[in-house]
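Asker: Provided herewith is a single structure, encoded as structure tokens, for subsequent inquiry.
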């Protein structure tokens with residue numbers, strides 16, 4: 001029993017490690033700016049297709065997925081990243097204003113940042129799992145965002161916790177963080193997948 005448990009843990013860590021290494025290889029191949037979106041999509045699709053079957057993770061297959069719809073995926077990725085950058089800059093500017101009313105504005109901006117980030121991740125997962133257009137995936141992601149506040153709060157708290165852990169131990173970013181986050185986000189969305197599957201059936 002202990003041996004089987006240890007083997008399962010090792011396999012999961014190994015798959016997460018592979019996903020993370022592939023992510024960084026493709027991010028660098030895309031010169032970071034053009035690589036981060038397609039690389040995230042490629043490793044997400046690989047995990048959706050193979051889960052913990054580590055024998056099916058091949059660099060050649062991942063490279064093919066990375067190149068598929070390269071420019072379209074970049075456009076969608078930078079749409080979310082651009083919105084996040086704009087919101088973050090506005091939040092920074094708001095901290096320069098020393099008035100009580102600005103707290104309301106800051107709350108709205110923080111909510112918008114949380115929503116834009118969540119929609120970006122949820123859209124990525126939905127498009128990796130289902131053959132749907134970007135617009136329809138965005139609609140489903142928006143519905144997921146508003147479907148369950150407690151689960152959304154858990155998602156955001158775990159995201160912040162992972163960021164803090166990566167900041168304290170930078171090695172996590174290099175070897176585990178991207179893959180682990182995809183696995184976590186996919187696990188978090190499993191109930192939403194069931195609702196979509198029931199609707200489609």
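Numbers here mean position along the shown chain, with the first residue as 1.
Quick reminder: no glycine exception, Cβ is built from N, Cα and C everywhere.
Automated prediction, rather than curation, is the source of TrEMBL annotations.
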Asker: In TrEMBL, which of 13-36, 37-60 is tagged transmembrane segment?
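Answerer: Residues 13-36 are the ones TrEMBL records as transmembrane segment.
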Asker: Can you name the far-off residues of the same chain, 6+ from the ends of the transmembrane segment (172-189), with a Cβ under 8 Å from a Cβ of it?
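Answerer: That would be 12-13, 15-21, 23-24, 40, 43-44, 47-48, 121-122, 125, 144, 151, 154-155, 158-159, 162, 165-166.
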Asker: Let me spell it out: take the transmembrane segment (100-125), skip the flanking residues so only those 6+ beyond its ends count, and list any with a Cβ under 8 Å from a Cβ in it.
Answerer: 40-41, 44, 48, 76-77, 80-81, 83-84, 87-88, 90-91, 94, 134, 137-138, 140-142, 144-145, 152, 155-156, 159, 185-186, 189, 192
